[in-house]
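First comes the structure, then the notes that go with it.
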Amino acid sequence: MFNATQHRGNPNMGPAPPGQPNHRLNEIMDSLRAEFENQSRASEQVENQVAQQIQEMELIRNKVYQLEQNQLKMKQEYEAEIRMLRHELELRGGPQVQSHLTGPPQHGGPAQAPPSLGHGQGGLFSGIMANQGQGGPGLAPPPEQPPQQQQHPLQPPPAAGQPQGPPQPPNSFPGYQQGPTLNGYAPQPQPPTNSPGLGKNRTMAARGGPGPATPQQHPNQPQPMPYQNDPRASPQIPRPVPPGGDMQHGHRHQMPGLPNVGNVLADLNPDDLPEHLKRTGPNGEWHAVFNPNVPRTLDIQLLHNLVHESVVCCVRFSNDGKYVATGCNRSAQIFDARDGRKVCELLDESVQDKDGDLYIRSVCFSPDGKLLATGAEDKRIRVWDIENKRIRTTFDGHEQDIYSLDFSRTGRLIASGSGDKTVRLWDIESNQQVMVLSIEDGVTTVAMSPDGRFVAAGSLDKSVRVWDCSTGYLIERLEGPQGHKDSVYSVAFSPSGRELVSGSLDKTIKMWELTPQRNLIPSTAKDGKCIRTFEGHKDYVLSVCLTPGGEWVMSGSKDRGVQFWDPTTGNAQMMLQGHKNSVISVAPCPTGQLFATGSGDMKARIWQYTTWRGAHQGI
């Protein structure tokens, strides 16, 4: 007992044997704690290194952007100086001088001066919309003009081995020279001119005085119908023939006694078609023909005819489908989609030139329908408060005409495309420009993806580009052997955002499959994946879009037609003819079954498409 008591009372004695495991546990915990601290420090070091590298990459990116902007500025200064010197030389009576800034030959001809989209005086669409040298189906013959007022119109490409005329000035449209007859009218002679055709030297024949070379119309002149077999008609594109032997819903793919025109439905004469393959409006005001090679699934009806006093450059529905906005000369107009009644006209009274032209090239509703953004020839974006009919915000920064606008899904960002070779993003809340995306040629069209993360643009250089809106990185460039062969005038995302369609002056529509996983690292691949090409229009494709569910691709063309295409097969379902001039703009209703068209015949129209139920509809 003494030993036990002594043992318990001696403080120098170690812990009892049962306490040994606790000591070992503490050592292990201390070791783990030390290891954790070491790993934490290592992790912090790695994070710091990554952050430093990201910062360095951002500095490099900003430096490259600054260099690009400086280079662009220098290029513009050099081009301006060259134009001034050339003009001075012409005034002194010297010979015309080819610019040393010429690019590669286009369409098999010799090298041309770099394309210019003008500086607010006509610009990109003037040649298409002014009916000059591009008559035939859908356009009235161009009027005679005095030599001193003769513009440099859009011209068809020269035939192989054909001698070319005098060189065009910088403001002429890219890649088109005087050539063979096109669309049923002989090309207009192009007299020599001592003016480079810049700025306000251009005139508008309809007014007889100064003004932009934007649209003059002759809607009442007789015009050949596109389905007439005119030997002078524009060259036919290859006609894809649907696979034979397929039977659907009891319909044969090839109707006996009808010509096999493939998707070129404009070659079908309605008088030769059975009743179930055509639809005609009252007094023959419009008609639709349906592809005899595929089962008919659509019906069409004109709801409203919206008459304007000038060319209708653009149409757009509000997100709720209740209203349609149009852009024309000097004003944007809003109509009730249900009854066709004009409910609002937005006109900027502060514009100083009251007698001149100011065409509204693009309109776009905000997602909540309270605002309307307009882009015009004066290089300015106006954001209108629709209810109060006043300008809420203006955005200045573009250096040439604005051709396209689109709101992001959140309504905070506006994307704009201009002839100044830039796509710009604007913040509607801060009223600031937040991003400038520069390319090599004029931007004709922009579209925001459904999720608002990406912006796509079409350009005169035949390419479609897609950027990340948050970083400005170019992540897709859709071109190459399967790409367009001429300028891209319209782009639109599919409802899912996984595909994109584009329309071009090469008379085709293409559907592109976008990369499923778009990394933050810029893409270096130029060639996108074209999954389908829609061929059938007889002239330039000026506008493309998809129905809200993605069931149909719609396209409007300079051939006056609107076509519905099956995106899964590439077959044309229907061709609609009603406008007396180019169909410049086509827009679907977000709620379905309606679409709007805008045309050079000074009319916008609202149409309804429904499922065709055969004889039960009494057609």
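Using the three backbone atoms N, Cα and C, a Cβ is placed for every residue, glycine included.
Predicted automatically and left uncurated, TrEMBL annotations should be read as such.
Annotated features, as they stand in TrEMBL:
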COMPBIAS  103-115  compositional bias 'Low complexity'
COMPBIAS  154-172  compositional bias 'Pro residues'
COMPBIAS  214-231  compositional bias 'Low complexity'
DOMAIN    24-92  domain 'Transcriptional repressor Tup1 N-terminal'
REGION    1-24  region 'Disordered'
REGION    95-262  region 'Disordered'
REPEAT    360-394  repeat 'WD'
REPEAT    395-436  repeat 'WD'
REPEAT    436-477  repeat 'WD'
REPEAT    481-522  repeat 'WD'
REPEAT    534-575  repeat 'WD'
REPEAT    576-611  repeat 'WD'
Long-range Cβ neighbours of the repeat 'WD' (481-522) (under 8 Å; 6 or more residues past either end): 174-175, 237, 444-451, 454, 456-464, 466, 468, 471, 473-475, 528-535, 537-546, 548-550, 553, 555, 557, 565, 567
Residues of the repeat 'WD' (576-611) by DSSP state, where helix covers H, G and I: 0 helix, 23 strand, 13 coil
Counts of helix, strand and coil residues, the repeat 'WD' (534-575), according to DSSP: 0 helix, 22 strand, 20 coil
Tally of DSSP helical, extended and coil residues in the repeat 'WD' (360-394): 0 helix, 23 strand, 12 coil
For the domain 'Transcriptional repressor Tup1 N-terminal' (24-92), the number of residues DSSP places in helix, strand and coil: 68 helix, 0 strand, 1 coil
Counts of helix, strand and coil residues, the repeat 'WD' (436-477), according to DSSP: 0 helix, 24 strand, 18 coil
Counts by DSSP class (helix H/G/I, strand E/B, coil) across the repeat 'WD' (481-522): 0 helix, 18 strand, 24 coil
